[in-house]
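What follows is a set of notes on a single structure, which appears directly below.
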Amino acid sequence: MDKVLSVSLGEIALKGLNRKYFEDQLIKHIRRAIKDIGFEKIYKEQGKIYIQAEEQFFPQMINRLRKVFGLVYISPCIKVEKDVDEIENAVLEAVKEKIEAEKIKTFKVDTNRADKNFPIKSPDFSRQMGGVILKAFNELSVDVHTPDTLVYIDIKQNAYIYTDKIKGHGGMPIGTNGKGLLLLSGGIDSPVAGFLMAKRGVEISAVHYHSYPFTSERAEEKVKDLARILSRYTGKITMYSVNILEIQKEINAKCPEKEMTILSRRFMMRIAERIAEKQNINALITGESLGQVASQTIEGISVTNAAVKLPILRPLVGLDKVDIIEIAKDIETFETSTLPFEDCCTVFLPKHPVTKPRIEDIEKSEEVLDVEYLIENAIENMKVTTIE
Ligand code: ATP
Ligand code: MG
């Protein structure tokens, strides 16, 4: 009786012709996630991916696998040959282990016969194995509606018997939906935005703007810590750190005070777009959420968009703050995000920021700035780090 981990693919199972590509991407990420733990083999068998490894490593592997996108369930399984006696032994073993782990009283058997050459039909086989369980464990009874545990039997090339389905995040394997450059601040929202787009299969890089020495090195470290937490899900992240103090000083000296926020935001987008173009990245990602702060109005968004051609993805746009916080806690960025360090945006915060900017006014204000020089200068001095 071998023990293996099975991995169910959700949405990607629906992808018809692309299926093989998605599966191979997922296998690549599974391999990356567990390579330092050590496994014998990863293989596909009729719609699922299986990992052969020493059982003692399973808990640690499951923890890592839960963070791999594209994966819906993970199950520790007993693998046997497609032989009725062998399956019977495996079923008894699985139920025995389940009873030792939890106080179960009722069960239901669920057979899935992918190999139609197996001579017994699924419902009949479930009934037959149910009988075997009842005979071996006096304390158990069948409950087809709300059983304490299900006993799954997948009959394929081999037979797999398991009782647990541990939930993964779902989504799609990273890299199957292009690349995005995340504007990563030290706040609560942008790490969540990066997580959500990564979950949709987007490969993430990050850009952070700071105003050193007006903002501290500790603030910079905090953002790197956030990127590090994100990288548990995304794999390695290339992070660009850009000092925009000169730009902020220029705006502060030459433009209306109330436009400071929207003007800096347009510079952030332009610099991000410039970096994205050089790296063949197809979209920008922000943590903006409509109405959350003064600058996040429809007018603000449209004036921000007008500064660049690349699409700006805003996965949080319709979420409430409480929902965003819940995700931040779940992905473990919340605690770091709420550490009290200054952000570059607060350095020259206007008292009354314009909430409904008009593109004509903003473009007029920018006429006095050497936009091209400011962008190139900032990019020339940026630092690039790889976060793992
Ligand atoms: P967050 O919680 O992500 O900081 P926020 O609620 O503070 O967002 P804003 O300050 O309006 O909202 O920022 C909106 C978005 O702009 C952020 O989610 C982020 O994507 C981007 N952004 C803001 N400041 C920075 C920065 N210093 N570096 C990189 N991106 C930034
Ligand atoms: Mg912020």
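Cβ from N, Cα, C; glycine included.
If you look up TrEMBL, you'll see 59-165 marked as domain 'THUMP'. TrEMBL lists L183, L184, H208, Y209, R265, G287, Q296 with the feature ATP binding site.
H208, G287 are the binding-site residues among H208, R265, G287 whose C-beta comes within less than 6 Å of an atom of ligand 1, given in sequence order. Each of the binding-site residues H208, Q296 was scored by other CB atoms within 10 A of its CB, and the lowest score goes to Q296.
The least crowded of the binding-site residues L183, L184, judged by other CB atoms within 10 A of its own CB, is L183. Residue density at R265 (ATP binding site): 23 other Cβ atoms are found within 10 A of its Cβ, drawing on all protein chains shown. Residue counts for the domain 'THUMP' (59-165) under DSSP (helix as H, G, I; strand as E, B; rest coil) come to 40 helix, 31 strand, 36 coil. Secondary structure from DSSP puts G287 (ATP binding site) in coil.
Counting Cβ atoms from all protein chains shown, G287 (ATP binding site) has 25 others lying within 10 Å of its own Cβ.
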